[in-house]
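Peer 1: Sending over a structure as structure tokens; questions will come in a sec.
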């Protein structure tokens, strides 16, 4: 089955039009009120979230207020073999944060962290 999209993927949609009053220019304050996107990146506030996600190839929503539990900002395609398991919302185990973050990217933000550690066996 394809990964869930839209509301099924979790997160809330943001009305970004309130931040770009002057055409397509965003006027964001430096006020720190972090939010975590469904791309597992922490943005300093909702306005910065809107500005930095407007040109993404997929729709990013706000997963939670505050910093992300798992930060996927700086990961390459090449992952180490470290073993620090994470359980994804798809029920799959990911050996480490790098592999999980690459899966988040491939899922276009539909995958999120279910829990730290391995998923429960059926």
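Each residue's number is its place along the chain shown, starting with 1.
Even glycines carry a Cβ here, placed using N, Cα and C.
Annotations per Swiss-Prot:
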{"type": "DISULFID", "residues": "16-50", "note": "disulfide bond"}
{"type": "DISULFID", "residues": "28-47", "note": "disulfide bond"}
{"type": "DISULFID", "residues": "36-68", "note": "disulfide bond"}
{"type": "DISULFID", "residues": "72-101", "note": "disulfide bond"}
{"type": "DISULFID", "residues": "79-98", "note": "disulfide bond"}
{"type": "DISULFID", "residues": "87-119", "note": "disulfide bond"}
{"type": "DOMAIN", "residues": "10-70", "note": "domain 'Kazal-like 1'"}
{"type": "DOMAIN", "residues": "71-121", "note": "domain 'Kazal-like 2'"}
Peer 1: For residue 28 (disulfide bond), just give me the three-state DSSP call.
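Peer 2: In three-state terms, residue 28 (disulfide bond) counts as coil.
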Peer 1: Ten-angstrom check, please: count other Cβ atoms within 10 Å of the Cβ of residue 47 (disulfide bond), all chains counted.
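Peer 2: Other Cβ atoms within 10 Å of residue 47 (disulfide bond): 21.
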Peer 1: Note the mean pLDDT of the domain 'Kazal-like 2' (71-121), expressed as a whole number.
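Peer 2: Here the mean pLDDT over the domain 'Kazal-like 2' (71-121) amounts to 91.
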Peer 1: Take the Cβ of residue 72 (disulfide bond) and count every other Cβ within 10 Å, whichever protein chain it belongs to.
Peer 2: 21
Peer 1: Within 10 Å of residue 47 (disulfide bond), Cα to Cα, which of the disulfide-bonded residues 16, 36, 101, 119 are there?
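Peer 2: Near residue 47 (disulfide bond), where near means Cα within 10 Å, the disulfide-bonded residues are 16.
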Peer 1: Highest CB neighbour count within 10 A among the disulfide-bonded residues 16, 28, 36, 87, 119?
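Peer 2: Going through 16, 28, 36, 87, 119 one by one, the largest Cβ count within 10 Å is at 36.
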Peer 1: Between 50, 68, 79, 98, which of the disulfide-bonded residues has the fewest other CB atoms within 10 angstroms in the structure shown?
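Peer 2: Among the disulfide-bonded residues 50, 68, 79, 98, the lowest count of other Cβ atoms within 10 Å belongs to 79.
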Peer 1: Anything within 10 Å of residue 98 (disulfide bond)? Look among the disulfide-bonded residues 16, 28, 68, 72, 87, comparing CA atoms, and list what you find.
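Peer 2: Close disulfide-bonded residues: 72.
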Peer 1: Report the DSSP secondary-structure composition of the domain 'Kazal-like 1' (10-70) as helix, strand and coil residue counts.
Peer 2: 11 helix, 12 strand, 38 coil
